[in-house]
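Here's the structure we're looking at; comments come further down.
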2 protein chains.
Amino acid sequence: MTDYSQLEKRLNYTFKDKQLIIEALTHKSYKKPYNNERLEFLGDAVLDLIVGEYLFNKFPNSNEGVLSKIRASLVNESGFTLLAKTIDLGEYIFLSSAEENNNGRHKPSLLSNAFEAVIGAVYLEAGLEKAKEISISLLEASHPKIDLDSLSKDYKTALQELTQASHGVTPQYELLGSSGPDHKKEFEIAVTLNNEIIAKAKGKSKKEAQQKAAQIALEALKA
Amino acid sequence: MTDYSQLEKRLNYTFKDKQLIIEALTHKSYKKPYNNERLEFLGDAVLDLIVGEYLFNKFPNSNEGVLSKIRASLVNESGFTLLAKTIDLGEYIFLSSAEENNNGRHKPSLLSNAFEAVIGAVYLEAGLEKAKEISISLLEASHPKIDLDSLSKDYKTALQELTQASHGVTPQYELLGSSGPDHKKEFEIAVTLNNEIIAKAKGKSKKEAQQKAAQIALEALKA
């Protein structure tokens, strides 16, 4: 598709230099003298700053540990894939037919990288303020409630999305046991994938232990 | 010291809001209701973008792997400590007397964090362009030659600086052996600290193996 008007409409930005948006949409499999990896490198840093500053202002009383944690839950492959999907970015990516047949247009890594590249391209052409406006508007539309509680709830969802995409299965949570006196009970939960334990965690409630286990599993699967 | 005029002169920037620069210079040990950690969080992302964009423009033909590698060699604790020292930032940091007696004013982590916080403060008050101007001018003054070759040479220097600061000793390099035919020889080098091997690496020359070993040791010591 070489008509970017729909994409530009969704971004609320019209590129002056069409070669720039073409580069941002070109996956390396497409075998052109250019691809979107350099713009992705730039866009990655642009998004880190934009989301960091947004949280810095939104949570004036949170320390940097909390800010880093919230940012990490937004600025990652599944977070950017979500944003890419809201603008149907996959439709516009140039990729090899092999990659196309391999479901490339729907791959989280490909979508997330192209999203970063597009934001890098906006930054280059129109500056930080414009890139900020676009990114924050997409972010807020996809995350109606940005706070520590609701973001940490996303670990289980994120894990499920990841394992369904990569393994075609849903993770299961198993209570391994509980310990301690009633007023200070601790629960241990295991996450399993195809009946195999992939992570364990303890928490003050089953819910907390599940979240922690999901987070550990997510990190392990991504590494 | 509460006269910032010398520091502002070295930065080539005068803060309008003096509370902002005070916050950027306040280490958490100083036990105030504020400290520089939130500004450090912001400044870290600002510097990542500034240096990333600088390299993106300076090396139009390098791929993102190369750009990431060069950035990693500039954007790290020893890199920022170097910049902090060129503006005598240590003199201006507010810290507890315990931290002061513990040589805190010269600690790389403390200097590097304060440097990030100062850049974060400039960004907040004066925007990205001003932060860029200041950072790039300090960076270029400290690294007269920014290219892949001379930056990768810095691993041995960086390791030496780190081990001298943290252990009071200089790392030693030992040839463990070489293998392969003459036209394709490989050398294996160990870095030792107090006669204990802290990293090993192979390379096509002794120099290359030393650099790689120093890089691995650096990463291990920082982790």
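Even glycines carry a Cβ here, placed using N, Cα and C.
Look at TrEMBL and you will find A:4-127 tagged as domain 'RNase III'.
Annotated Mg(2+) binding site per TrEMBL: A:E40, A:N113, A:E116, in sequence order. Applying an 8 A CB threshold to same-chain residues 6+ apart, the list for A:E40 (Mg(2+) binding site) reads A:N113, A:A114, A:E116, A:A117, A:G120.
Residues or ranges marked as active site by TrEMBL: A:D44 (among others). Listed in sequence order, A:E116, A:G120 are the same-chain residues at least 6 apart in sequence whose CB falls under 8 Å from the CB of A:D44 (active site).
For A:E116 (Mg(2+) binding site), the number of other Cβ atoms no farther than 10 Å from its own Cβ, over all displayed protein chains, is 28. What TrEMBL lists as active site is A:E116 (among others).
Mapped onto DSSP classes, the domain 'DRBM' (A:154-223) shows 33 helix, 24 strand, 13 coil. The domain 'DRBM' annotation in TrEMBL covers A:154-223.
Neighbour density for A:N113 (Mg(2+) binding site): within 10 A of its CB lie 28 other CB atoms from the protein chains shown. Counting residues of the domain 'RNase III' (A:4-127) by DSSP class, helix then strand then coil, yields 91 helix, 2 strand, 31 coil. Cβ proximity to the Mg(2+) site centre (mean Cβ of A:E40, A:N113, A:E116, cutoff 8 Å) flags the following additional same-chain residues: A:N36, A:E37, A:L39, A:F41, A:G43, A:D44, A:F80, A:S112, A:A114, A:F115, A:A117, A:G120. Among the binding-site residues A:E40, A:N113, A:E116, the ones with a Cβ under 8 Å from a Cβ of chain B are A:E40.
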